[in-house]
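Student: Structure incoming, see below.
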Amino acid sequence: MTASAAEKRASIFVSRTSIDGGARPEPRDRTESMTRALQSKRPSLLIGAKTLQDVYGEDEQEGPRFVRFVINVYRKWGYIIAKNAWLAIFIVLFISSLGIINIFFTPQQNDITGYTPYGARANREFQVYSNFYASHGQPIATYIFGIAKDNGSMIRTEHMEEFLKVISYASSNITLRDDATGKDLSFYEFCHSFCLANEPIRQFAGGMKVFEQGLSTQRIKLNYPTSTVLGTSFSLQPNFFGIEFYGDDDKKDESADDTQKLLGGDSTNATVDRRQITNVKGVKMIAALLRAEQREGWGDQKVKEFEMKVVNHFQNNYDSDLIHVFPFSQTFVEEEMVRGGKIMLPFLVIGFIIMCCVSSFTVMLRAFYMHQENYFKIVLAITACITPILATATALSLMFLFGLRFSSILCVVPFLVLSIGVDSSYLMIHEWQRVTKHAHENPIKGDTVGRRMSEVLSEVGPAILISCLTNLFADLVGSFTSSPEITLLCGGNMLSMCVAFVYQMTFYAGLMCIVGEKEIERDDVAVSASVVDNKTKNIHVQIHQKVARNHSLARTPSKFQMHTQPIVSSFMHKYVKIMANTVVSMTVVVIYIIYLALAIWGITRININLSTKKLFAGDSPLNDLEDLRVKYVLPHFSMVTVVVNEPGNFTHPERLRQMNTMVREFESLDGSWGPDGTKYFARDFQTFLSSWEDDYVNLEDEEAPVVLDPTRYNEEDLRYFLRWSEYVFWGGFVNTKNITRDKKEIEILDKFVFTAGYHGKQLGQWIPRGKKLREWRAVVDKYPQFKAEVYHEDGQYLDLIDNMATDTWQAILGALTCMGLVCFLFLNNWFTVGIASLSVLSICCGILGIMSWLGVDLDPITMAAMIISIGFSVDIPAHVSYHYYTATARGGSSSPEDRLTQCLSSVAFPAVQAATSTILCICSLLFIDLYMAHVSCQIMIICVVLCNIHGLIFIPAILICMDKLRWAFTPRGSQKRPRISPRQRSNRAVRGTLAPENSDVPDRPAV
């Protein structure tokens, strides 16, 4: 823009001022004086060039050195981005477009162990267990659970037959393509060690059918946990769950109808008769297992395809009037976790639309108030919402390019970045409006877009940078104090916030420069037309004389401002007056103490828990299966698998004796099923050796465990034992290796697993299961020579119980330390740092306490959401305490009311605007039936509300009480004045004599 254009615009503005009434009236009361004083200075939201001048004077060498360095960099960057606006926009759009394309072509990958804390023992245990069964890759392991639709017993004849049909179809009709042979193989064709895993179900059904047909049942005993049919014993524990046993009262009180419902039949004497062959009155759930080792050349993908074929058939194609079928596999778990992430993406559009509407409304509301309304503001408001989305796409794409997996939890990141990142754009818009208004009132010769952008960035840039750093350090702490999944979440959010900062300084700042040029051109056209009209009236010369004399020009207030300013000013004045009241401030302090007490009480009763249900969508069938597992499986048969990595040579008697002792210790623990619930190959191997040598072991006493005679262990016979038809299933429990001994190749024991079963109603709860897991680990720790590891399917989650509390307080402490260092680096004031840090700690306590009272558990998802919220919870408390401090520095003898007025005039509107937009955007997560979405939304909303309550209510009340106590114990007239250096005094004197006249159009509500 040329100098003549600036002079023309100044001329028309002065003419408007002259026509509208000339000089302004003097203030007539204290409130109006306060208003004029506030209008003369406008500090930034946190600390910028204007604020440094207010506190330290106009000397460039005063103030924190780091802040002065940042301001100088921003000043230079304003001119650079103004010259290269289109280039910056093009580069950002090109990079972000590539990022979006990359995200759409990146498949989601989830790890069910990803929520286990770093260094947890369960990670090593799971790896050892997986390595044992994954000699050629991931094994096939698909479970099929069946329950009666009428919630009755599953051992009724028709229900058993229906479930056997399910097993037969899954084992025979669902196939896997073997590329080596070119054939489609069924489970029965490719299984090896676990082909007979479901045989107990068939044997039990066959025994019941024999009984119902009235045939001889002398050699049939269908007891739980061990049954015998025709001399063959088998365990029902891995297949039958929710067992109801016959009791003494059943002989007299059981009705025929109830008996028929449970077991079938119509005889009133059926109960007594059935008790002759079984002790089982009813079974709520039956489970079948399809398990097989992966063959060479298959690959994990083929295994997953087979498992999903089974799942899809029984989920989508199977229907029965008698039973519900629930398939389960690790692949199905991963697919459901992926689906949980995908259902969040459509709601991102809803959140984006909500944010655009809120952003457009608040920005235009401010623009009307500033008398700068135009359609360019809507463009800026919508682009403010687009910028975080582009940044998130770029950041996540970079993560994937460097090999990080696309976890479902990363789908939460766009919501977080959109709700938080847009606030910085608001600051830039508001500061641009202030700079524009100042340019209208005080025209500068040679004014350019670069100069305006330089002033905008030098003022709000430090505030944006400090917000970025606080979020960055909070996420950085969260990345190292929890689990791999939370590391991905915090890392993704951290990188997205950093990229959002870069895009705001390039893409968004460049767009503002382009829009600014359009606004300046429009103003120049209006000025030129007005100047022509003024020349016809022959007043152009007089106007220029007034410009040179007054150097202060005003614009006519808008009607919107004229109507709203008295309302807003009156409200602010009344609010400050109420808060400054001694009774009110003391009452607020008491309420704050009660709030802290309730929050701490809630923290002491919070429950630590992470179940698999929290990882799936609300409509996932795995949620129902998890409920059935907790209700029927865990209380009746909680199994532990012990992997023995170095069994050694069992031909040495002492070595085998130690192993037997360890097994018996597992069987002697509280709640153990004893030898009946234990699968330990050495005992059957002893029976095999005895029969091979025609020396049978007396097994009549089934209650006593079989004691293995070490002298009968023969390594050379192990391979025959594992291939014997009766014992072939032990191949799934034993790994062997070939060695050469005495020039003869033999197959010896390499490693093996044994299992033990436990029961008890308390095992359906997490705390008792965690205690039992520690007992198992204590047993194997007594025998380090075997290098044994304990595996339990809930071990990854049970370790959270011990680690979660420690990880949480360490993460909060680390984040608080980083927040304090960042605040001190920018503010260089311990009072502000202390207030901000204590406020953040108070907010964290409030979040945990409120979530506890709402019934939400403490888990990695809750902890990660809270850590992320710490990053932006520091802003408003720091704003309030810093501005209250600067108000004190500008006038040490000013009253608390005056300080609070100056403080809230800078903070209130941006805080409320940011809170409103954040809450409305994040509320879109409430429409998603997903735990992680609900928890993230709840914590964000609680954090935003608490942050504003602390900044606008609690902190002002506490500061006012502190000031009034200080005033009460300070003699009148001796209040401490701020120290002012001679240079500052000289600069302030010069600035006071040359200060321009105040404007009638303040950039914030007057008080």
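Placed from the backbone N, Cα and C atoms, the Cβ positions cover glycine too.
When I checked TrEMBL for this same protein, it listed these features:
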| type | residues | note |
| --- | --- | --- |
| REGION | 16-35 | region 'Disordered' |
| COMPBIAS | 23-33 | compositional bias 'Basic and acidic residues' |
| TRANSMEM | 85-105 | transmembrane segment |
| TRANSMEM | 343-366 | transmembrane segment |
| TRANSMEM | 378-400 | transmembrane segment |
| TRANSMEM | 406-429 | transmembrane segment |
| TRANSMEM | 456-474 | transmembrane segment |
| TRANSMEM | 494-515 | transmembrane segment |
| TRANSMEM | 578-603 | transmembrane segment |
| TRANSMEM | 809-827 | transmembrane segment |
| TRANSMEM | 834-855 | transmembrane segment |
| TRANSMEM | 861-882 | transmembrane segment |
| TRANSMEM | 903-927 | transmembrane segment |
| TRANSMEM | 939-962 | transmembrane segment |
| REGION | 973-1007 | region 'Disordered' |
| COMPBIAS | 974-988 | compositional bias 'Basic residues' |
Student: Using a Cβ-Cβ cut-off of under 8 Å, list the residues of the same chain that are 6+ residues beyond the ends of the transmembrane segment (494-515) and lie near it.
Tutor: 77-78, 81-82, 84-89, 91-93, 96, 376, 379-380, 383-384, 387-388, 390-392, 394-396, 398-399, 413, 416-417, 420-421, 424-425, 428-429, 432, 449-450, 453, 456-457, 461, 464-465, 468, 471-472, 475-476, 479, 871
Student: Which residues of the chain, 6 or more past the ends of the transmembrane segment (834-855), have a CB below 8 A from one of its CBs?
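Tutor: Contacts of the transmembrane segment (834-855) (Cβ under 8 Å, skipping residues fewer than 6 from its ends): 595-596, 598-603, 605-607, 808, 812, 815-816, 819-820, 823, 862, 866, 869-870, 873-874, 877-878, 880-881, 935, 938-939, 942-943, 946-947, 950-951, 954-955, 959.
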Student: Per the 3+ Cβ pairs under 8 Å rule, pairs at least 6 apart in sequence, do the transmembrane segment (809-827) and the transmembrane segment (861-882) touch?
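Tutor: Yes, the stretches contact each other.
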Student: Who are the long-range neighbours of the transmembrane segment (861-882) in its own chain, taking Cβ under 8 Å and residues 6 or more past its ends?
Tutor: 45-47, 115, 409, 416, 420, 423, 466-467, 470-475, 477-478, 482, 486, 489-490, 493, 497, 610, 614, 804, 807-808, 811-812, 815-816, 819, 823, 827, 829, 831-832, 835-837, 839-840, 843-844, 847-848, 851, 903-904, 906-907, 911, 931-932, 935-936, 939-940, 943, 946-948, 950-952, 955-956, 959
Student: May I ask which of the stretches 85-105, 378-400, 406-429, 939-962 has the most CB pairs under 8 A with the transmembrane segment (578-603)?
Tutor: 939-962
Student: Would you kindly list the residues that approach the transmembrane segment (85-105) from elsewhere in its chain, counting only those six or more residues past its ends and only Cβ-Cβ distances under 8 Å?
Tutor: 390-391, 393-398, 400-401, 406, 503, 506-507, 509-511, 513-514
